[in-house]
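J.: Pasting the relevant annotations from Swiss-Prot:
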{"type": "DISULFID", "residues": "Cys4-Cys18", "note": "disulfide bond"}
{"type": "DISULFID", "residues": "Cys8-Cys20", "note": "disulfide bond"}
{"type": "DISULFID", "residues": "Cys13-Cys25", "note": "disulfide bond"}
Amino acid sequence: GVACGESCVYLPCFTVGCTCTSSQCFKN
């Protein structure tokens, strides 16, 4: 549920344990 970054397109979400939801990075 916590936003990890601005957009999953520009940031390596998966490498920091985040997932891409609605074009945004989230973690729990």
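In case you wondered, yes, glycine gets a Cβ from its N, Cα and C as well.
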J.: So how many other Cβ atoms are close to Cys13 (disulfide bond), meaning within 10 Å of its Cβ?
T.: 20
J.: How would DSSP class Cys13 (disulfide bond) in three states?
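T.: Looking at the DSSP assignment, Cys13 (disulfide bond) belongs to a helix.
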J.: Least buried of the disulfide-bonded residues Cys4, Cys25, going by other Cβ atoms within 10 Å?
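T.: The disulfide-bonded residues Cys4, Cys25 were compared, and Cys4 has the fewest Cβ atoms within 10 Å.
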J.: On a C-alpha basis, identify the one among Cys13, Cys20, Cys25 that is nearest to Cys4 (disulfide bond); the candidates are the disulfide-bonded residues.
T.: Cys25
J.: In whole Å, note down how far the CA of Cys13 (disulfide bond) lies from the CA of Cys20 (disulfide bond).
T.: 7
J.: Cα-Cα separation of Cys25 (disulfide bond) and Cys8 (disulfide bond), in Å?
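T.: Cys8 (disulfide bond) has its Cα 5 Å from the Cα of Cys25 (disulfide bond).
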J.: Non-local Cβ contacts of Cys8 (disulfide bond) (under 8 Å, 6 or more apart, same chain)?
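T.: Sequence-distant Cβ neighbours: Cys18, Cys20, Ser23, Gln24, Cys25.
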J.: Is it possible to get the count of other C-beta atoms within 10 angstroms of the C-beta of Cys20 (disulfide bond)?
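T.: There are 16 of them.
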J.: Can you tell me the three-state DSSP label for Cys20 (disulfide bond)?
T.: strand
